[in-house]
Amino acid sequence: MTKLLKVHGSFNHFFILDQTELDQPLTDAELVTLGQKLCAPANGILNGADGVLVVNKSDHDGVLGQMRVINADGSEASMCGNGLRTVARYLSEKTGQTAFKVETKQADLTVKKQADFATGVPAFAVEISPVRFNAAALPFEKLGRDRIIDDYLPELAPGVKFTSLAVPNPHLIAFGDEDLLVGPMMKELGEYLNGKNPYFTDGVNLNFAKILGPNELFVRTFERGVGFTNACGTGMSATSLAFALTHPDLGHFETPIKVYNPGGMVQTVLHFTNHRYFIELIGNATVTHTLTVDETRLHQANFTADDFDITTTSEDEAYHQFVTSLPKPVTVNVKD
Ligand SMILES: N[C@H](CCC[C@H](N)C(=O)O)C(=O)O
């Protein structure tokens with residue numbers, strides 16, 4: 001039998017599959033099908049998820065494991081900030097180590113166990129990098145620019161200034177008031193840029209943010225390969241950096257930035273060292289369920305909820321209490 005975990009970072013929900021525990025790792029095609037089937041709420045496996053985090057062995061020195069990210073639509077992403085916190089916790093509890101590196105598509109990233117974010121809410125800090133701004137890292141070549149920093153993009157939305165950066169997955173960011181975050185534009189633009197369009201040919205994570213004050217933001221994200229999620233770790237990290245670059249009076253480097261989101265709150269710390277940006281993302285790493293299932297069913301994506309033995313942990317209650325204790329600067333419903 002094979003064990004999976006159901007986890008979340010800021011209610012950005014994932015399944016973790018540790019392939020080092022399998023008799024036979026899944027093929028890439030099997031991972032795509034598994035991601036689509038496990039994550040679809042209609043299939044009733046714990047109401048689905050936003051993605052599957054696949055843990056593999058890493059042969060890099062000083063690296064405890066490799067993380068691959070399969071979105072709910074089966075597409076693969078180069079990075080997942082909320083997910084990396086949960087994989088870091090999984091590997092920490094598996095090995096007993098509390099500070100180490102995890103291999104991701106474009107970099108081996110530093111992770112470190114933190115003090116609990118609140119009672120019963122374990123937390124990890126993870127490195128978000130590499131950070132790039134140019135069209136080579138972002139597929140927006142049809143917008144006639146090599147960079148998009150605090151620029152109007154009338155082709156996409158009149159009267160809105162955007163910033164785009166890759167961390168290394170692609171993000172497009174705009175700052176505005178609550179109407180922008182909860183109005184119709186976000187869904188329309190998010191669906192357009194993640195469908196057939198000449199601007200972001202590989203899709204893009206769309207982040208709208210409200211500035212709450214010095215080093216305080218609220219960020220809502222329409223994620224590539226998923227749609228609206230309760231939080232996007234790389235989105236909150238990229239938005240924090242865009243905040244400091246476009247509002248240097250309010251967003252500061254080397255200072256914790258409080259980032260609220262529909263699923264809770266995380267902290268980010270921006271760094272610029274040796275001509276390199278990187279972002280620390282600090283937040284919860286919550287395990288809500290353990291699941292066991294026959295490995296063959298995962299390979300064949302041939303399962304219903306009845307094929308899983310599911311155990312619920314006691315952690316979600318503690319996280320709900322944490323979220324309830326937070327201010328609600330913007331009214332966006334939490335997606336179950
Ligand atoms: N949907 C994203 C991957 C997951 C990122 C998000 N869940 C996070 O926490 O960073 C993409 O395709 O780039």
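From the backbone N, Cα and C atoms, a Cβ is placed for every residue, glycine too.
Site annotation (TrEMBL, ligand substrate) includes Asn12, Asn71, Gly81, Asn82, Asn205, Glu223, Arg224, Gly233, Thr234; from Asn43, Asn169, Asn274, the additional listed residue is Asn169.
Every protein chain considered, the tally of other Cβ atoms within 10 Å of the Cβ of Cys80 (active site, proton donor) stands at 29. Listed binding-site residues: Asn12, Asn169. The one with the lowest count of other Cβ atoms within 10 Å of its Cβ is Asn169. Under the three-state DSSP scheme, Glu223 (substrate binding site) falls in the strand class. For the substrate site, whose annotated binding residues are Asn12, Asn71, Gly81, Asn82, Asn169, Asn205, Glu223, Arg224, Gly233, Thr234, the maximal Cα to Cα separation is 16 Å. Other than Asn12, Asn71, Gly81, Asn82, Asn169, Asn205, Glu223, Arg224, Gly233, Thr234, the residues of this chain whose Cβ falls within 8 Å of the Cβ centroid of the substrate site are, in sequence order, Val69, Ala77, Met79, Cys80, Gly83, Thr221, Val226, Thr229, Cys232, Gly235.
The DSSP secondary structure for Cys80 (active site, proton donor) is coil. Taking the Cβ of Gly81 (substrate binding site) as centre and 10 Å as the limit, one finds 28 other Cβ atoms among all the protein chains shown.
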